[in-house]
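Right, one structure below, let's go through it.
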C-alpha cells in the first residue's frame, strides 16, 4: 500500500514537472511575441500590416496564457471554457457594437 | 468537517479541486472571469470609439513612451510565470516554496504598479494630460486605471492570503483560495496584453 501511494505521488511529481516544462516554453514564446510586437512599432514598419500582426500576436499570447498558464487545456475545464467563451462572445458583440456606431 | 478531512496525511494531486467548496470556487471564479471579460470589452470599445477625440489636448502618439510600457509588460509577464511556479509548488505540497514564489509575484506586481503611478503622474504634471483634458483622456484613464485597480486588488488579495495562512501551512481549505488568486493574477496579464497592444502599440502606430 505504502509503496503504491509513493509511486503514484512520484508519477504526479513527474506529471507536474512535465507541465512546468510546457509552461516555461509558453513563457519563452510569449516573451518572443512581445519583443516582435514592440520592435515592429519601434522600427516603424508599414502601418497596413503592423496592426493586423499586432492583433494576431496578442490573441496568440492570450491563448497561451489561458490554455497553459490557466490550465484551460486540461481535461476538467469544459465548464470553465464554456463560461469564459460565453463572456468572450458578449465581449466581442460589445466591441463590435461600439465600433459600428462610431465609424459606420 | 474534522481536521483530518482538510489536512489529509497524503495530499491529493489537485488539492484545489479536492473538496466540493474548492470545485464550486473554481467554477464560480471562471464564471466571474467571463463577466470581467465583458467589463473590459466595454471599456476597450469606449476607448476605441473616443481615441481620436483629443479636444486640442495631446494625442496618443505624442505622449506614450514605449520604453516604460515595455518594462511594465516584462514585469507583469514575468509575474505571471512566478505565480505559475507558486502553483507548481502547491501541487507538490511544498508550502514554503509556494509562499516564496507568491512573494516574488507580489514584488513584481508592486514594480508594475509603481511604474504605472509614475506614468500617470508624469502625464498629469508634465504633459497636461488629465482625466478631464479630452474624451480620449477620460477613456484612457478609465481603461488603464481600471486595470491598475485590478492589479492593486490582486496584490492585496495575494498578500492577505499569504499572511493569513502563513502559520497554517497548505491544506484542502486554503489550496483553492491560493489557486483562484493565481487565476485572477493571470487574467490581469491577459487584459494587459490587450492594453499594451491596443492602447500603446496601436496608439503609437496611429
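Each residue, glycine too, has its Cβ placed from N, Cα and C.
Predicted automatically and left uncurated, TrEMBL annotations should be read as such.
Note on TrEMBL: of B:5-23, B:100-118, the range annotated with the feature transmembrane segment is B:100-118. Sequence-distant contacts of the transmembrane segment (B:138-163), counting only residues of its own chain at least 6 positions beyond either end whose CB sits under 8 Å from a CB of the stretch, comprise 39-40, 43-44, 46-47, 49-51, 60, 76, 99, 102-103, 105-106, 109-110, 112-113, 116-117, 120, 130-132, 174, 177-178, 181, 184-185, 188, 191-192, 195, 199.
Under 8 Å from some Cβ of the transmembrane segment (B:68-88) lie the Cβ atoms of residues 97-99, 101-102, 104-105, 108-109, 111-112, 115-116, 118-119, 151, 178-179, 182, 185-186, 188-189, 192, 196, 200, all in the same chain and six or more residues away from its ends.
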